[in-house]
Ligand code: UD1
């Protein structure tokens, strides 16, 4: 298992290109199952999660070609030859559940293993299932698999009110609704940029969708969808993560392709902490306004609120802030697994349930630490960049699920970071 070695060595200066969004790509790829015509995705990120989704779609009979070094994905699904998403693939990645809605909508039946994924809480899929049931699907959970069947005339449009905002359930229901008979209205739908991106891609394929980016999505079902070429939206989580690098280390970094509207709530918190963010022709420029960062309180929320996927990285910043910050995690329980590792590096953090209180220290110290999930692993790298001495982050396979060429991107700005194979 590879590790990452980081040496804290001062300011970072340079440019970092931001890739297409992992979470958008993972929902755009299954959209191929809705049509027998080709779907081409450009600006795709090169990540292990994308390779896992590729394997899953191929196991269902789709063709997936990775072109231009992985930045273009040419997908085609003339026919779904196998309707079972196997446990062996699904357990690696929770987003695998996103093949359920499309298969059910196109062919009227699907069998999908219950998912695994990051160890950040229970993360059920009940909302996905309830939405599909409301559209007429019959579901049977047995042997760890969801066995789903549409009524004889296919899925029917329905009014679905989500009790809590769920990105994945909104995506599954949205894709299924594009081919359902009649109108579907999704209320309390997720508003994340990845949902907007999915809606735009589906519209390019011929779907009739209104309201993306708001909490009410209205979908008029059509008989069939066609092909499309679609660029994947910029990864706002990768963007936010690298914005924190100069915030933590000092210096100035330009994030190529970054846009404020993707990270609005996050930028407000950075501003309050004393970090300046300005728009440039090519993206966003980030630097620290004064010497030390100021403590800020953060509560995670669905978009447009502060994203849970940036909470761990923000905590790394606040570990050396002046004063005490309170971080409240409202989306996932058990999402402070980076806290004990940061404490090993000298951070002062108290966790009580979904609240972490961080009292800033002057300097973190390098230590051997362990990555526990995708965002936790990158938070430890950020902390290591600001720490005195060497930090070795082990179990970085989590990192490779969501960050492409992380060492290369940070090294280009002067960071001392290298991968140790083994
Ligand atoms: C997606 C993102 C993930 C991000 C999360 C929240 C992808 C591939 N992953 O995950 O990186 O952290 O959004 O922004 O896009 N819930 C239920 N029942 C369900 C579904 C969800 O109770 O059927 C709960 C979850 O446990 C969680 C909350 O709803 O507490 C939000 O989860 P959700 O938005 O569905 O997250 P994902 O789509 O899994």
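The chain as shown is numbered from 1 upward.
Glycine is no exception: its Cβ is also placed from the backbone N, Cα and C atoms.
As recorded in TrEMBL, the features of this protein are as follows:
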- 118: active site, proton donor (ACT_SITE)
- 22, 23: phosphoenolpyruvate binding site (BINDING)
- 94, 123, 124, 125, 126, 127, 309, 331: UDP-N-acetyl-alpha-D-glucosamine binding site (BINDING)
- 7-410: domain 'Enolpyruvate transferase' (DOMAIN)
- 118: 2-(S-cysteinyl)pyruvic acid O-phosphothioketal (MOD_RES)
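Structural mapping of features recorded in TrEMBL.
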residue : record                                        : DSSP class
22      : phosphoenolpyruvate binding site              : helix
94      : UDP-N-acetyl-alpha-D-glucosamine binding site : helix
124     : UDP-N-acetyl-alpha-D-glucosamine binding site : coil
309     : UDP-N-acetyl-alpha-D-glucosamine binding site : helix
331     : UDP-N-acetyl-alpha-D-glucosamine binding site : coil
Pairwise CA distance, residue 23 (phosphoenolpyruvate binding site) versus residue 127 (UDP-N-acetyl-alpha-D-glucosamine binding site), rounded so that it is a whole Å: 18
Distance-selected binding-site residues near ligand 1 (C-beta under 6 Å), from 22, 124, 126, 127, 331: 124, 126, 127, 331
Spatial separation of residue 22 (phosphoenolpyruvate binding site) from residue 125 (UDP-N-acetyl-alpha-D-glucosamine binding site) - C-alpha basis, Å: 20
Candidate with the highest Cβ count within 10 Å, taken from the binding-site residues 125, 127, 331: 331
Distance from residue 22 (phosphoenolpyruvate binding site) back to residue 124 (UDP-N-acetyl-alpha-D-glucosamine binding site), taken between C-alpha atoms, in Å: 21
Integer Å distance between the CA atoms belonging to residue 22 (phosphoenolpyruvate binding site) and residue 309 (UDP-N-acetyl-alpha-D-glucosamine binding site): 12
Residue 22 (phosphoenolpyruvate binding site) versus residue 126 (UDP-N-acetyl-alpha-D-glucosamine binding site) - Cα distance in angstrom: 23
Confidence summary (mean pLDDT) of the domain 'Enolpyruvate transferase' (7-410): 95
Which listed residue (23, 124) has most other Cβ within 10 Å, given these are binding-site residues: 23
Those residues of the chain, 6+ apart, with a Cβ under 8 Å from that of residue 22 (phosphoenolpyruvate binding site): 45, 47, 49, 50, 235, 237, 238, 401, 402
Which listed residue (126, 309) has most other Cβ within 10 Å, given these are binding-site residues: 309
Cβ packing number for residue 94 (UDP-N-acetyl-alpha-D-glucosamine binding site), 10 Å threshold: 19
